[in-house]
C-alpha cells in the first residue's frame, strides 16, 4: 500500500511537470519565427499530444490506485485501450517529425506558403494512422493462440468469483516493442541522408555563387540547422524513452499491480523530455522559452514593467526633443546622450556644437544669438517645459522662441 502511494504521488508530480513544460513551450512558440510555419505547427501539435498523454497518466494512476481496474477482462480491455490510444501519437514523435521534414523538403507549396488546410490534413493523417496502427497491433496480440487460451482460462476463474490478476496487455504485448523500436532505424537513416544532401548542395551553391537560388539555399540551410539544433536531441530523448519502457516491461519482475504503476510512471518521461530536447541546442528558442516560463500574465509582466517604463520614457524624451527641433522652437540638442543628458545640455545653453555660455545676473543666458528673440522664463517655461529625469528644478528646459516678426499666425506653427 505504501509503495502504491509513492508511485501514485510520483506519477502525479511528473505528469504536472510535463504538462507545465509543454504549456510553456506552446506559449514560447506562439507566433514564433524560430521554426518555419509548417514545422512549428507540427511540433506544437505533438506538444499538445504529450499534454494529453500526461493527463491520461494521472487518470490511469488514480484509477489503478482507487479501484482494481485490472481484475476483470472487460475493465482491463478498456483500461489498456485508452492508454494505448493516448500514447499512439507521442510514441511516434520521431517518425512524424521525419515525415514532416520530407514533406517540407519536397513540397514548395508547403515550404513557401503553407495554408491551414495543409496543416489540418497532416494532423488528421497523424491521428488516424497512429491510432489505427495501435489498434491493429493490439488486435494481433489479443487474437494470438496464447492469448485466446489465457482469456478462456480467465473467464472460467472469473465465473467462479475468485479474485484474479490480469497482466496488462500494454506490458505483455511484445509487438509494441518491435513496432515502436523498428521505426527508429529508418528515421535516423533518412535524416542523415537528407542532412548530407542538404549540406553538399548548400556547399556547391555557395562555391558557385548561386545567390540566384537564394530561396533554395535558405531551405537547405534550414534543414541543416533543424537537424543540428532540434532533431538530434529529440531523437535521443525518444530513444531513451523507448529503452526505459523496454527495461520496465521486460527486465523487471514484480507483482502485476506494482509493475503497472511503474509502467505508468515510465509514461511520464516523454512529456518532460520532449520540450526540453527542442530547446537544448536552440539558443533563440531557449531564450523565448525561459522568457515565457511564467505562464501567469501578471506575474510574467511584473518583472518587465520597470524596464518597459524606462524604454518608453527615453523614447518619449527623444521624440519630444526631435519634434521641438523640427518646428524650430528648440535649438539643436545632442540626443545621443539620452533624454536626461539632452535636457541638461539644453538647460545650460549647450545646443549643438555651440560653446557653453555662463549665466549673467543670476539668470539663464539665451541660446539664440538673435537679440530679437524672446526668452520665456515665466509662464511659458511652466507651460512648455518637460521634466527630464528626476531632477526637480534642475530638470527645467529653457525654450527659446523665434522673433515675433517671424511667428506665423494662430493655428499654424510652421
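Sequential numbering from 1, following the chain as shown.
Here the Cβ of each residue, glycine as well, is placed from N, Cα and C on the backbone.
Looking at the stretches 24-44, 45-65, the one that Swiss-Prot records under the feature transmembrane segment is 45-65. Of all ranges given (70-90, 91-111, 154-174, 175-195), Swiss-Prot attaches the label transmembrane segment to 175-195.
Within the set 232-252, 295-315, the record from Swiss-Prot flags 232-252 under the feature transmembrane segment. A Cβ distance under 8 Å defines the sequence-distant neighbours of the transmembrane segment (175-195), meaning residues of its chain 6+ beyond its ends; these are 91-92, 94-95, 98, 101-102, 105, 133, 137, 140-141, 223-224, 227, 231, 235, 238-239, 242, 245-246, 249-250.
Residues 50-51, 53-55, 57-58, 61-62, 65, 257-258, 261-262, 264-265, 268-272, 275-276, 295 of the same chain, all 6+ positions outside the transmembrane segment (1-21), place their C-beta atoms under 8 angstroms from a C-beta of that stretch.
Residues 3-4, 7-8, 10-11, 14-15, 17-19, 21-22, 24-25, 43, 46-47, 50-51, 53-54, 57, 60-61, 64-65, 70, 83, 87, 90-91, 93, 167-168, 170-171, 230, 233-234, 236-238, 240-241, 244-245, 248-249, 252, 285-286, 289 of the same chain lie 6 or more positions beyond the ends of the transmembrane segment (259-279) yet place their CB under 8 Å from a CB of it. Counting only same-chain residues 6+ beyond the ends of the transmembrane segment (232-252), those with a CB under 8 A from a CB of the stretch are 93-94, 97, 171, 177, 180-181, 184, 187-188, 191, 259, 262-263, 266-267, 269-270, 273-274, 276-278, 280-281.
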